[in-house]
Amino acid sequence: MDTLLFATNNKNKAREVEEALKKINFPIHVITNQDLTDPPHVLETGTTFLANAKLKAHKMAEFSNLPTLADDSGLSVDKLNGAPGVHSARYGGEAHNDALNNAKLLAELGGVPREKRQATFHTTMVVSWPGRFDDDLVTQGEIRGEILTYPRGDGDFGYDPLFFVPDKGKTFAEMTVDEKNAISHRGQALRKLLAELPTWWKKMENE
C-alpha cells in the first residue's frame, strides 16, 4: 500500500505529515476523511487520549481498508484534576469554540496563584493496519507549562494563548511555527512516528 488515511477533516494536518514523510524518503500519499465517500462519524467516547485515538484509527481503517493514522490531543491542568483532558475541544460546551474553552478555563482557575497553575499538553498518535489492530503503532508527546491569567500572543489557536512555557519565556501563541513544533506535544509525537513508521509499515506489508 502507498496510501495513508489520516482520520481528520483537516487537510493541513495531512499535508504536514505527507511533507514530513517525503523528507525521510518515505513518500506515501496522505488522504483525509474528506477524500472518502460518506465516512462514518466516530464518537470520541474514550476516557483517555489513547482510547480515543484508537477508536478513530480502528473505525476508519475498517471503513476504508487503508492504514489509518488518528490522533487525540488535549490539555490537562493539575489543579483541575486533569481537566479539561479528553474534553478539551468542547470544554466550554460547544465543540472547537476556542473563546468559550479559554473563558471556562480561566473561570475555573479564578483566584488560583501562578505557582499552582501547572498543566500538561498531551498528544497520542496511533497508526492502525486494516485487520491488524493488535499491531498498532503508538507514539506520544507531552510538554509541561502553566496557565496564565490572561491570553498572550497572536497565534490564536486552542489554548495556546494561555499555555506558558517557562523555559522559553513565551506562550505557544507567542512562538513561531518552527519554535512551537520543536518543543510541542504534537511535534514530539510526530517525530517519534516518523522515526518508527517506515519499519513498521514494511513489517505490516510483509507479514
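Cβ coordinates are placed from backbone N, Cα and C, and glycine is handled just like the others.
Taken from Swiss-Prot, the feature active site, proton acceptor applies to Asp72, supported by sequence analysis. Marked as substrate binding site by Swiss-Prot: Thr8, Asn9, Asn10, Lys11, Asn12, Lys13, Ser73, Phe157, Gly158, Tyr159, Asp160, Lys180, His185, Arg186. The Mg(2+) binding site feature in Swiss-Prot is assigned to Asp72; the stated evidence is sequence analysis.
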Length of the line joining the Cα atoms of Gly158 (substrate binding site) and Asp72 (active site, proton acceptor), in Å: 14
Densest Cβ neighbourhood among Asn10, Asp72 (recorded positions), 10 Å radius: Asp72
Largest separation between Cα atoms (Å) of residues that the record links to substrate, namely Thr8, Asn9, Asn10, Lys11, Asn12, Lys13, Ser73, Phe157, Gly158, Tyr159, Asp160, Lys180, His185, Arg186: 22
Per DSSP, three-state class assigned to Ser73 (substrate binding site): strand
Binding-site residues: Thr8, Asn12 - member with fewest neighbouring CB atoms within 10 Å: Asn12
Length of the line joining the Cα atoms of Asp160 (substrate binding site) and Asp72 (active site, proton acceptor), in Å: 16
Ser73 (substrate binding site): tally of other CB atoms within 10 A of its CB: 21
